[in-house]
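Per TrEMBL, these features apply:
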- 51-155: domain 'NfeD1b N-terminal' (DOMAIN)
- 148-186: region 'Disordered' (REGION)
- 279-301: transmembrane segment (TRANSMEM)
- 308-326: transmembrane segment (TRANSMEM)
- 332-349: transmembrane segment (TRANSMEM)
- 356-375: transmembrane segment (TRANSMEM)
- 387-408: transmembrane segment (TRANSMEM)
- 424-474: domain 'NfeD-like C-terminal' (DOMAIN)
């Protein structure tokens, strides 16, 4: 008889299993606790970065978009400051004011830095530098010449030297300028408005307001050392690291709050324009926008003259929409734009109603005149290039000559009268269905009817004509001459 296994043995196995699980759990807990005990202490917080933005070239819509995105990115990164490196001859007043608004309202302090050596903050750049929380310049740089009519830089129209009073010096002397009585009403309004604007920026940042007004009214300019001596800028810096070291600890006011700058040894994050900004920079070039406008108009006109071509109409529509988008951001003179469109319309009308070139020549003149006044701005960098206008006018003249040449050939060509398809004339059948079809007679295509079915390529004889429909009979059928 086999021995009985006591029930106590099964219970002992269960207890051992339970004890093993408990010991395993305790071992895992000890390992987990030991791992946490061996974790190193948290690393010290990294210093906030300094975001670097570039303002190079003329100030325009693309510049505004780039700086706006850069300031937003700096706020997202919780940057200690933004360094705006400036080298500009000026630009559009509307774009400059948008940039100034963004800087004044920025939650991140902005350090304006005219650099490298040889750079300038002329015209619109002076306003932007004054708007920055800290203004700095590198050696061998300059700023000033902020008269509104000079927003395009030194080569802009109405460039005038400072008055003798300004040259003789004295911050208490008012420069003689259009703002003090010269020039027309529009110029005086622009100068007075700009002077009040930059004076407000100077008072906001605690800088030399009198010189700022002189820069507007008398086109005054200063180099870096003179600007620091006259409290136009806050400091001079040889390079970026020198700038960050000198700016460190300065107290600036951001949205009515005093904030000390912590820029020493801060990591630099340089933001480049993204693809949208690059595309915007290309299409808002005045010459590119003008060329797109012409391509769009001519493409649509070509589609209207050749229905079904599709490609010219599609490309023309894309070019026209892109041009209108760009022109919406540029200071367009609607009178000039109207003259351009009217000139093209008259040149196109020459193709439909030949007038021996009278409409075409008038349209070409309006087109060229309107192109020269297309942009309503004295900024040289945002004016239409004369060679571009000349090239466009020459291309339009070539198209006009081709239209005139084709019209002249058509006038000299022997006209086939409507009655040229005479009874007894042989015609060629082009297509035929039942008792109707198309035939060629005298180089023209006619509708035709016949009691006898015909086949394409077959010859037939005209019996008569009812309106614009020929009555035919097969060529092998005797034909009775009609008296």
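Even glycines carry a Cβ here, placed using N, Cα and C.
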### Query
Who are the long-range neighbours of the transmembrane segment (279-301) in its own chain, taking Cβ under 8 Å and residues 6 or more past its ends?
60-62, 65, 273, 312-313, 315-327, 329-330, 340-341, 344, 348, 371, 374-375, 382-385, 388-389, 392, 399
### Summary
Secondary structure split (DSSP) over the domain 'NfeD1b N-terminal' (51-155) reads 39 helix, 31 strand, 35 coil
### Summary
The average per-residue pLDDT within the domain 'NfeD1b N-terminal' (51-155) comes out at 91
